[in-house]
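Here the structure comes first, spelled out in structure tokens, and everything after it is commentary.
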Amino acid sequence: MAVAMRSAVQKAGASPRVSARRSVVVRSGKTLGGKGPVPAVEQDAYEYLKTCPGVSAPFDNVFDPAGLARTTNLRDLKRWRESEIVHGRVSMLAALGFIVGEQLQDFPLFFNFDGRVEGPAIYHFQQIGQGFWEPLLIFIGVAESYRVAVAWATPTGTGFNALKDEYEPGYLGFDPLNLLPEDEAARKELQTKEINNGRLAMIAIAAFVAQELVEQTEIFEHLFLRFEKEAILELDDLERDIGLPLTPLPEELKGI
């Protein structure tokens, strides 16, 4: 059988060693060194996506109802993957920042010395003055410069707006607390948790912004008002059953 395979490969004009190597690469979804996804020329985009973290219940396979992964190439898919991971991380920080910022805005040490930061978090951006945004912009610029140096290929006529072939989307080598496991299965599980939490955070921060724009209330204030309204409605049901006067619903709760 081995002789027949060698003969068939030689007739096709390829070295048996190279062909076998490419076959292993395509099946495994890894480079020969085992450290990252294979280049775009050696693997189908959809098959690559099936090997990535983020495939989890309740979807046993890739969740792609629009079929985008089946109609693109690996270079573009990796760039989309990088964008999803980055936006998920930013959204997790933003969702946490909304909640923390609204709870600590009354503390002067929380960069609110003159008490001008107040109300829903969507307005904190305009309320914070000089001395905060300048260092933040510098920090963001340094972080993005590092990401570009690690992840993005040198822009050329054929490689413009593309990631490096050896780069694994989202993996920048920044792990000061040494949390990333060495075991491949444990590492993939942790990366899947990060991506899923990032996806949830993108939905959450969009809901936070929409809710505060519509109701002009803070996140927890909105939540407690909902609880208060539900409690009054439950009490009304009980009072109606035993023939007592109904508890009136406050005006601020009627529109919720």
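Along the chain as shown, residues are numbered 1 onward.
Every residue, even glycine, has its Cβ placed from backbone N, Cα and C.
Automatic, uncurated: that is what TrEMBL annotation is.
Feature annotation from TrEMBL assigns chlorophyll b binding site to Tyr48.
Residues or ranges marked as chlorophyll a binding site in TrEMBL: Glu84, His87, Arg89, Lys193, Glu194, Asn197, Arg199, Gln211. Note on Lys193 (chlorophyll a binding site): other Cβ atoms within 10 Å of its Cβ, all shown chains, come to 13.
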Check your understanding: Over all shown protein chains, what is the count of other CB atoms within 10 A of the CB belonging to Glu194 (chlorophyll a binding site)?
Key -> 17
